[in-house]
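For reference, the structure is listed below as structure tokens.
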Amino acid sequence: MKALNFSVAHTMQVHISMVGADKMRITWVTKDETPAEVHYGTAQGQLGSSATGSTRSYKYVVYTSGTIHDVVIGPLNANTVYYYRCGSSGPEFSFKTPPSQFPIRIAVAGDFGQTEWTKSTLDHISKSNYDLLLLAGDLSYADFYQPLWDSFGRLVEPLASQRPWMTATGNHDVEKIIVVHPEKCTSYNARWHMPFEESGSTSNLYYSFEVAGVHVVVLGSYSDFGSDSDQYKWLQADLGKVDRKRTPWLVVMLHAPWYNSNSAHQGEEESDGMRDSMEEILYKARVDVVFAGHVHAYERFDRVYQGKTDKCGPVYITIGDGGNREGLATKYIDPKPDISLFREASFGHGQLNVVDGNTMEWTWHRNDDDQSVASDSVTLKSLATEPGCN
């Protein structure tokens, strides 16, 4: 089975992601083998700079992907619009680099899939004037049927080609089949290359990056997380190098939530076991907020440590309501735990407006009758300057 519906001869499924402070990775797919080259510049039609990269394809049971191109361009100026073309011919795209200093606007979503609700969420995100997007896993919901990775790439291209998307892996992205295909995350790793090398990680499934005074750590819920694991050791080392004077905000994203009062996905090892293993590391590092997906609903917790309110713990937010085909998780544990401050089973997305080094504004926007309704909000202060936490 070949990749389906390549509608143009040149480029498809274009998306970008950050690489360090001043570079961008451009990824796209072609039907045939073509050179991995990107031409770019700051004026439309004047693409005087160029860079080359690598190509690859992968096999998954009877499917063979198109040629996946991976090119890093830069150095780039912050908060600047660049125009670019993938390959020697084809359409011209544009993107804007994130700012190098506050304020910065980050869109946050999870569990997208490819439904009409997904399209609604993407439409609302596109109107939010965001600088980059955090996607907390479960991207395409291909679930072994590989052409759905292609259709997902086409679905998100209008947004993902214009702003950097930084992603985590979810359970639907693993696609491991015992004996038949024992490797996990083959499709995800081939198509969504994150800057793990630059952050000292040995796996594309967990990494970190910094943008405009925010240090973001992306963890792999479906990678080993015990105290003897590479991910655990990497996390300790990565957080140990964070300079809170330079990056006063510390954000973590993963897929399986560590705190959850929804009836769905209770008692899973990827949630409870990972929390038991790593919660103390995040607490000691004074992580400000932890985003998760997996549960198809929205929930915001208080600052929490070991199941109790703690002013020095992270705020935990579940944002797995991007539009997936499995529907919403509508049943909650009753009574609501005291640490859970807001919960609702509706599709939507979040917006994180980092105002300055001390103030962050979070809003959750419900997809209500195709209108983006701000239904929950909170203002957070950085734990880097919180009295009694340092």
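Positions of Cβ are set from backbone N, Cα and C atoms, glycine also.
All TrEMBL annotations are machine predictions without curation.
Here TrEMBL flags 13-97 as domain 'Purple acid phosphatase N-terminal'.
What TrEMBL lists as domain 'Calcineurin-like phosphoesterase' is 104-298.
Annotated domain 'Purple acid phosphatase C-terminal' per TrEMBL: 313-373, in sequence order. Assigned with DSSP, the residues of the domain 'Purple acid phosphatase C-terminal' (313-373) fall into helix, strand and coil as follows: 0 helix, 31 strand, 30 coil.
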Checked against DSSP, the composition of the domain 'Purple acid phosphatase N-terminal' (13-97) is 0 helix, 51 strand, 34 coil
